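Some features that TrEMBL has for this protein:
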SIGNAL    1-23  signal peptide
DISULFID  33-48  disulfide bond
DOMAIN    62-212  domain 'Cupin type-1'
BINDING   107, 112, 117  oxalate binding site
BINDING   110, 112, 117, 158  Mn(2+) binding site
């Protein structure tokens with residue numbers, strides 16, 4: 001009976017470990033797996049191209065020193081450097097973004113379903129924050145200055161706002177080559193097909209006309 005008890009405990013521990021390992025991107029099993037977007041293979045991620053055809057350009061990106069075009073409704077621009085721009089990032093579990101902000105511009109509330117983000121301010125001042133999960137929904141926020149660093153945990157809704165009088169710039173690293181992004185307002189009010197207006201009205205506790213107005217913005 002004692003041996004059976006130990007065996008059951010061992011199975012439980014192994015199962016727990018396996019669940020945690022499979023929840024995130026697996027470690028690469030070779031030096032690199034440069035993405036082959038032309039491949040028809042269906043895998044969790046992108047198939048590898050023939051290593052013999054790999055070139056330095058597969059690991060290279062140029063232009064992160066250039067400011068993004070912030071002429072838009074939110075006053076910010078995200079320039080990504082992920083597996084779509086650098087095929088050599090495939091399976092390596094890391095990527096970058098540059099974010100430019102006009103004065104009082106925002107990077108609106110959003111989530112990265114597959115990555116934790118660590119952000120550092122290069123120029124200006126940013127108010128940043130993230131919201132914890134239900135039921136607490138606590139806002140954790142701080143004003144950052146040049147050289148400051150802040151972490152946004154994986155999957156949590158977060159945002160940034162330029163609170164300075166000049167333009168601001170930040171660089172962020174994310175723990176996935178394809179972190180994904182879900183901008184809350186776009187997803188809720190701009191889905192295709194649209195979420196029923198009465199559902200949104202009830203969810204946000206507003207009149208249907210207001211919900212419809214919000215949908216018209218997206």
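Our numbering is plain: 1 for the first residue shown, then up by one each step along the chain.
Glycine too: its Cβ is placed from the backbone N, Cα and C atoms.
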CB contacts for residue 110 (Mn(2+) binding site) [other CB atoms within 10 A, all chains]: 19
Candidates 33, 48, 158 (recorded positions) with Cα within 10 Å of residue 107 (oxalate binding site): 158
Any further residue of that chain within 8 Å (Cβ to the Cβ centroid of 110, 112, 117, 158) of the recorded Mn(2+) site: 111, 115, 130, 152, 156, 157, 179, 181
Which listed residue (33, 48) has most other Cβ within 10 Å, given these are disulfide-bonded residues: 33
Stretch-averaged pLDDT - the domain 'Cupin type-1' (62-212): 97
Sorted by sequence, non-107, 112, 117 residues with Cβ within 8 Å of centre, oxalate: 97, 110, 111, 115, 119, 152, 158, 172, 174, 179, 181
Cα distance (Å, whole number) from residue 110 (Mn(2+) binding site) to residue 117 (oxalate binding site): 12
Those recorded positions of 33, 48, 112 having Cα within 10 angstroms of residue 158 (Mn(2+) binding site): 112
Nonlocal residues around residue 112 (oxalate binding site), in sequence order (Cβ under 8 Å, 6 or more apart): 152, 154, 155, 174, 176, 179, 180, 181, 182
